[in-house]
Amino acid sequence: MSKSPRDNDKAINKRQAEIYEAVQKGDLEQVINLINTGIDLEKRDKDGYTLLKVAVDFGYLEIVQGLLKAGASTIFPEGRLLSSAIKPGKIEILEELIKAGVDINQRLEDDKTILMEAANIGDINVVKKLVESGADVNALTDGGDFALLNAAYQGWQEVFDYLAPLTSLELRQESEQALPKGLVRRKRANDKYTEDFIDAVAIGDLNTVVQTIKNGVDVNAISSEGTIPLHTASFWGYLPIVRVLLEAGANLESRTEDDGKTPLMSSAEGSALLATYPSSIDRMNQIEVIRLLINAGADVNAKSNEGWTALIAAANSGCVEAVKLLLQAGADAKAKDCWGDTALSRALAAGYVDIVQLLQQAGAEEN
């Protein structure tokens with residue numbers, strides 16, 4: 001008695017489920033056996049992945065080879081097959097995909113090419129393999145991003161030195177300007193001990209912060225992302241950590257590299273969290289951080305690169321308590337930023353009536 005179409009469909013679906021399970025387990029023999037039953041190699045699983053994508057994700061070289069030999073397509077949306085293949089330990093899989101004809105100049109989800117992504121990761125062997133296989137070193141995203149610039153920004157000197165002679169003069173000159181900062185960023189990123197310390201500050205892990213300081217970490221160190229411990233703790237209102245950092249010698253007037261803000265400005269900006277997340281932010285701690293910084297001698301009238309003061313930041317954030325505290329400490333209510341904005345103009349624009357009244361009482365006037 002012949003099987004009904006419904007029974008045939010059930011058998012096919014069963015084999016599809018079995019081959020996906022076999023691929024995930026790395027069972028090459030079972031995968032080959034199921035391929036030989038005439039399985040649909042392009043049928044997607046519930047996540048939208050093909051068998052080849054799953055095999056590449058898991059890093060199973062022999063299964064990738066078997067699927068490609070059986071005719072599996074290397075075409076996958078937004079280059080995600082290649083994005084998986086350039087991860088550490090998968091260069092042989094990348095080579096197999098290239099031999100199978102994968103388009104190495106296709107655009108990824110963010111308009112980048114796989115060479116740009118590889119240059120960002122910094123694996124010189126992957127970068128060389130892509131270039132030798134025809135990757136366009138001068139490809140640009142709509143935003144002006146390109147492979148050499150990624151290598152420069154991340155501070156991958158070896159990748160930069162390899163790509164630079166192959167890249168157009170104009171793009172090379174732009175990248176050369178970005179390289180010095182990238183090298184600093186890479187050096188910081190390689191200092192895992194300090195990076196972990198700054199991460200501990202960011203999540204409010206007081207015990208780790210205290211222990212790391214005891215072990216001699218530099219409390220004024222800057223992370224690979226440009227963050228400074230005292231600024232981070234001040235922004236989030238981590239009062240105990242701010243206190244510990246100051247006692248350990250944290251620089252009260254340290255400046256962020258990108259915009260020249262002080263810890264007091266960061267704390268004033270962080271006061272916006274009081275209004276945005278009232279249930280998750282300790283109001284008293286946030287205000288007490290500002291008070292602690294002021295009492296420690298912070299310059300209440302220091303200006304950022306754009307001319308912002310802690311008072312302008314607090315007024316812009318809508319925190320009445322912070323504004324009141326700064327005014328009591330002698331903050332200049334008339335200070336202007338580079339665009340002529342003042343604490344009053346920011347408060348007026350945002351409709352913070354109580355802050356407007358406080359500033360006017362302190363002598364602030366509308367422009």
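The backbone N, Cα and C atoms fix where each Cβ goes, and this holds for glycine too.
Whatever TrEMBL says is automated annotation, not expert-curated.
Per TrEMBL, repeat 'ANK' is recorded for 47-73, 110-142, 225-257, 259-305, 306-338, 339-367.
Packing against the repeat 'ANK' (306-338) from elsewhere in the chain are residues 259-262, 264-265, 267-272, 274-275, 283, 286-287, 290-291, 294, 298, 300, 344, 346-347, 350, 352, 354-355, 358-359, 362-365: each is 6 or more residues past its ends and has a CB under 8 Å from a CB in it. Taken through DSSP, the repeat 'ANK' (306-338) splits into 17 helix, 1 strand, 15 coil. Residues of the repeat 'ANK' (339-367) grouped by DSSP class, helix first, strand second and coil last, total 17 helix, 1 strand, 11 coil. Remark: secondary structure over the repeat 'ANK' (110-142) totals 17 helix, 0 strand, 16 coil, with classes taken from DSSP.
For the repeat 'ANK' (225-257), the number of residues in each DSSP class (helix H, G, I; strand E, B; coil) is 17 helix, 0 strand, 16 coil.
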